[in-house]
């Protein structure tokens with residue numbers, strides 16, 4: 001979503017929220033939480049407040065009028081009823097035949113509510129230096145995590161990674177072969193954005209940054225001499241990320257055409273731009289997801305930008321056998337999340353031995 005559109009949607013949600021949610025928003029903006037995270041949280045709060053009114057757990061006529069006392073006195077049974085509602089409600093996705101939300105979505109909703117409750121019961125201070133209330137019912141609500149062993153997850157994910165020679169083969173395919181299948185009209189659009197698209201894909205494959213980190217990249221954040229980029233990690237921490245050398249040529253080619261092709265002026269700070277009717281804008285996450293999906297599907301299998309992050313992590317672990325190095329590259333504070341890559345690499349080694 002374009003930054004301008006994202007901020008517009010955030011303001012729409014803020015306009016209907018109770019005052020204490022606006023306090024929460026300002027507090028988390030100072031951390032800083034990303035606008036994307038805050039937008040997702042505001043959506044979850046609307047979902048929750050709508051349910052409170054539908055379930056007659058508040059007498060408030062509108063969301064903005066739901067008072068703190070309502071949240072303070074909700075019971076564990078009330079929150080469990082909300083979870084059941086999420087699990088059983090008809091899906092709003094017209095393309096889905098599933099009833100209710102996925103466990104992942106439910107966990108995200110509960111995470112957003114836990115964050116709000118923690119703020120109200122622990123972090124905020126009233127005029128007496130005390131939180132607004134003390135009873136945090138969210139601490140009594142448990143979440144169910146998807147049960148899957150690392151070995152099973154590794155098996156499921158490795159088919160969607162571009163390992164070994166496939167990393168550069170994917171870039172070469174987009175660069176030299178993809179165009180041959182296109183109509184003349186489609187070729188025109190492809191040629192306009194070819195350098196930019198290759199720069200994005202190569203950066204994701206060469207650095208392992210998250211999609212949001214690539215989207216929010218500004219010109220000043222990119223140092224091609226050192227092959228280092230500056231990103232804002234989850235939790236608002238600024239980090240320097242090394243970029244593999246194979247991306248340099250693609251990034252330089254894009255920079256050579258960025259100003260002219262996307263009508264960029266000095267005030268256009270975003271590194272990756274799109275242009276519509278002569279107006280440059282920061283390329284949004286949805287557009288990058290569609291672009292990566294389009295090229296990868298034509299090459300081998302449709303993947304997301306996050307799978308390109310997994311690709312870099314797996315290749316880096318294969319080359320170094322260092323979970324610490326991989327976790328630093330990905331911006332993780334613990335090596336626990338990198339255990340997945342050891343399973344993928346071990347599987348690859350086993351397959352190589354079987355072929356001897």
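Positions of Cβ are set from backbone N, Cα and C atoms, glycine also.
Copied over from Swiss-Prot:
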- 210: active site (ACT_SITE)
- 234: active site (ACT_SITE)
- 306: active site (ACT_SITE)
- 309: active site (ACT_SITE)
- 332: active site (ACT_SITE)
- 341: active site, O-(3'-phospho-DNA)-tyrosine intermediate (ACT_SITE)
- 16-121: domain 'Core-binding (CB)' (DOMAIN)
- 169-354: domain 'Tyr recombinase' (DOMAIN)
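Residue 306 (active site) sits 15 Å from residue 234 (active site), taking the CA atoms of both as reference points. Under the three-state DSSP scheme, residue 210 (active site) falls in the coil class. Just so you know, the Cβ of residue 309 (active site) picks up 21 other Cβ atoms within 10 Å once every protein chain is counted.
Cα to Cα, residue 234 (active site) and residue 210 (active site) are separated by 9 Å.
Residue 309 (active site) carries a helical DSSP state (H, G or I). When Cβ atoms from all protein chains are considered, those within 10 Å of residue 341 (active site, O-(3'-phospho-DNA)-tyrosine intermediate) total 26, not counting its own. Long-range neighbours of residue 332 (active site) (same chain, six or more residues apart, CB within less than 8 Å of its CB): 338. The secondary structure of residue 332 (active site), as reduced to three states from DSSP, is coil rather than helix or strand. Remark: secondary structure over the domain 'Core-binding (CB)' (16-121) totals 71 helix, 2 strand, 33 coil, with classes taken from DSSP. Rounded to a whole number, the C-alpha distance linking residue 341 (active site, O-(3'-phospho-DNA)-tyrosine intermediate) with residue 210 (active site) is 17 angstrom. Between the candidate active-site residues, 210, 234, the densest Cβ environment within 10 Å is the one around 210. Residue 306 (active site) is surrounded by 16 other CB atoms, counting those within 10 A of its CB over all protein chains shown.
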